[in-house]
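Pulled from Swiss-Prot:
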{"type": "DOMAIN", "residues": "15-208", "note": "domain 'KARI N-terminal Rossmann'"}
{"type": "BINDING", "residues": "Cys45, Gly46, Ala47, Gln48, Arg68, Arg76, Ser78, Asp108, Lys109, Gln110, Gly158", "note": "NADP(+) binding site"}
{"type": "ACT_SITE", "residues": "His132", "note": "active site"}
{"type": "DOMAIN", "residues": "209-344", "note": "domain 'KARI C-terminal knotted 1'"}
{"type": "BINDING", "residues": "Asp217, Glu221", "note": "Mg(2+) 1 binding site"}
{"type": "BINDING", "residues": "Asp217, Glu389, Glu393", "note": "Mg(2+) 2 binding site"}
{"type": "DOMAIN", "residues": "345-484", "note": "domain 'KARI C-terminal knotted 2'"}
{"type": "BINDING", "residues": "Ser414", "note": "substrate binding site"}
Amino acid sequence: MANYFNTLNLRQQLAQLGKCRFMGRDEFADGASYLQGKKVVIVGCGAQGLNQGLNMRDSGLDISYALRKEAIAEKRASWRKATENGFKVGTYEELIPQADLVVNLTPDKQHSDVVRTVQPLMKDGAALGYSHGFNIVEVGEQIRKDITVVMVAPKCPGTEVREEYKRGFGVPTLIAVHPENDPKGEGMAIAKAWAAATGGHRAGVLESSFVAEVKSDLMGEQTILCGMLQAGSLLCFDKLVEEGTDPAYAEKLIQFGWETITEALKQGGITLMMDRLSNPAKLRAYALSEQLKEIMAPLFQKHMDDIISGEFSSGMMADWANDDKKLLTWREETGKTAFETAPQYEGKIGEQEYFDKGVLMIAMVKAGVELAFETMVDSGIIEESAYYESLHELPLIANTIARKRLYEMNVVISDTAEYGNYLFSYACVPLLKPFMAELQPGDLGKAIPEGAVDNAQLRDVNEAIRCHAIEQVGKKLRGYMTDMKRIAVAG
C-alpha cells in the first residue's frame, strides 16, 4: 500500500491540508437522529472506545462491542470494561455483519489487522469510522468502494469526552469524510450524528479532512504537546539541581508547574499566561521565548517536513515491524532519568510561586505553542486546526505529567504520539543545552525582583503577545468552550 497523501497531486494535497470549516450549531439541530435505529459496533474498548460508547448509548444509539475471540475467552480488560458497563459483547463474526456503522477505536498499529479482518464481514453499504486517520492517510489502507469512511476526532482524552458529556457539555471535535469512500453521499450525515452523540457539537465542531487531521495531529503531539514538555522537564530539572536546588522541590516545581501554567493558557491563551507574571518577569519571559523560537524553528520545521513527506510514518512503521525496539528503548531510558527518579517533595508550592519561579517554563510554553502553530499554518493547515493541535490540548497533556510525571504522559498518549515525542525530545535536549548554560538568575527557580520597566517596551511586548494569530483565533474558539471544567489539580 502507498501513503495516501503521497498519491495526491499538489493541488489535491493543498486542498485537503487546508480543509477546515467551523460548523454552526444549527447544523446539528437533528442531533444523533441519523444513527438512531441503526446498529453501531465499536471495535476496541480502551479510553476512547469505552467513553465514546457510553456517550453514544446515552444519546439513544444502539451500541455493542466486537472483540477478538481470545479477548472474550480470556476475559481481558476490554471484555471486562464493556460487560461491566452493560454493553453487548460479541466476536467480529457475530456482530460486524449486522453493523450499519463499525467504529475502529483500536491503537494505530492495530488498524491494518483490524480493518482487514472486519472489512470482509461488513455488509454492503455499511460505514467505517475512525477517530484518527493514520491508517487511511499514512498506511494508505484501501477500503471497499461500497463502504462509507468517516472520522470523528474528539480533541481530548477519552476520560474528558465522558466527563464533559455527563456535565451536559462536550469537547471540541473534528469530523471528516474520506473523499474516496462516500458512495451514497451520506458520510457527513453519519459524522454529524456520531459527533452529536458524543456531545462534541456543544463545544464546537470543525469540518476537516483525514489529511488535515493526521498531519496536524502528528505535528502537535510530537512538538509542543509531548516533545516540548518532555524536553523542558528534563532540561529544567537538571538545571535546577545543578544550581543547588533540592531535587525534590525541583521535581515538584516542574511536575505541577506545567499544569498550573497551562491552566491559565486554557482560560485566556498566551495573553493570560503572560499576564500572571510581574512586568519585569513578563519582559524576560518574552525575550527568552524569542530566543527559543529562533533556536528551535529548524527542528519544528524538520518534524513538519518529515510528517508531510511520510518520512516519520515510514520510520515508525519500520519500528513496529521490529517489535517496537526503538520505542521500548527510549521508554526505558526516560524512566531512568533524574527527573523521573527524584524523590517527592512533601511541602506545598503556592499557585503564584509556579509562575514567579517558572519564567523559563512559561517561555518554553509560549515558544513551543507559537512555533507549532506557525509551522503548521506555513505548511497549509488552517489556523483553527493548528490551534486545536497546539494550544488547546496542552493543558490536558500537562495534567498527565502532574499525575505521575513523564511516565504517566507516555502511558496515556498513543504509541504514535510517544514515538514522535522521543524523536523530538532526543533532538531538542542537546540543541538547547548551550541556551540553558546562558540563563540568568531569576529565569528558573527564583523570582525576578520587582523593578522599573520601560513603558514603551512593555507596551510593544503586550501588543506583540495579543496580536499573534493564535491569540486571535483562540479567542474565538474558546468562546465555545467557556463551560468546560477546570482541569488543574496542582497543589
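Note: Cβ is positioned from N, Cα and C throughout, glycine not excepted.
This view paints the features noted in Swiss-Prot onto the structure.
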{"residue": "Cys45", "record": "NADP(+) binding site", "DSSP class": "coil"}
{"residue": "Arg68", "record": "NADP(+) binding site", "DSSP class": "coil"}
{"residue": "Ser78", "record": "NADP(+) binding site", "DSSP class": "helix"}
{"residue": "Lys109", "record": "NADP(+) binding site", "DSSP class": "helix"}
{"residue": "His132", "record": "active site", "DSSP class": "coil"}
{"residue": "Gly158", "record": "NADP(+) binding site", "DSSP class": "helix"}
{"residue": "Glu221", "record": "Mg(2+) 1 binding site", "DSSP class": "helix"}
{"residue": "Glu389", "record": "Mg(2+) 2 binding site", "DSSP class": "helix"}
{"residue": "Ser414", "record": "substrate binding site", "DSSP class": "coil"}
C-alpha spacing of Glu221 (Mg(2+) 1 binding site) relative to Ser414 (substrate binding site), in angstrom: 10
When the recorded positions Arg68, Lys109, His132 are compared by other Cβ atoms within 10 Å, fewest goes to Arg68
Counting Cβ atoms within 10 Å of each candidate's own Cβ, which of the binding-site residues Ser78, Ser414 comes out highest? Ser78
Listed in sequence order, the recorded positions within 10 angstroms (C-alpha to C-alpha) of Asp217 (Mg(2+) 1 binding site) out of Cys45, Lys109, His132, Glu389 are His132, Glu389
Count the Cβ atoms, other than its own, that fall within 10 Å of the Cβ of Glu393 (Mg(2+) 2 binding site), considering every protein chain shown. 23
Other residues, Cβ within 8 Å of Asp217, Glu389, Glu393 Cβ centroid (Mg(2+) 2 site): Lys155, Ser216, Met219, Gly220, Glu221, Leu225, Tyr388, Ser390, His392
Considering only the binding-site residues Ala47, Lys109, Glu393, which fall within 10 Å of Glu221 (Mg(2+) 1 binding site) when distances are taken between Cα atoms? Glu393
Shortest C-alpha distance to Lys109 (NADP(+) binding site) - which of the recorded positions His132, Glu389, Glu393: His132
Residue counts (helix, strand, coil, in that order) that DSSP gives for the domain 'KARI C-terminal knotted 1' (209-344): 117 helix, 0 strand, 19 coil
Nearest to Ser78 (NADP(+) binding site) by Cα, among His132, Glu389, Glu393 (recorded positions)? His132
Counting only residues 6+ away in sequence within the same chain, which have a CB under 8 Å from the CB of Ala47 (NADP(+) binding site)? Pro157, Gly158, Thr159, Val412
Whole-number Å only: compute the distance from the Cα of the residue listed as 'active site' to the Cα of Cys45 (NADP(+) binding site). 15
Sorry to bug you, but what's the C-alpha spacing from Glu393 (Mg(2+) 2 binding site) to Arg68 (NADP(+) binding site), rounded to the closest Å? 32
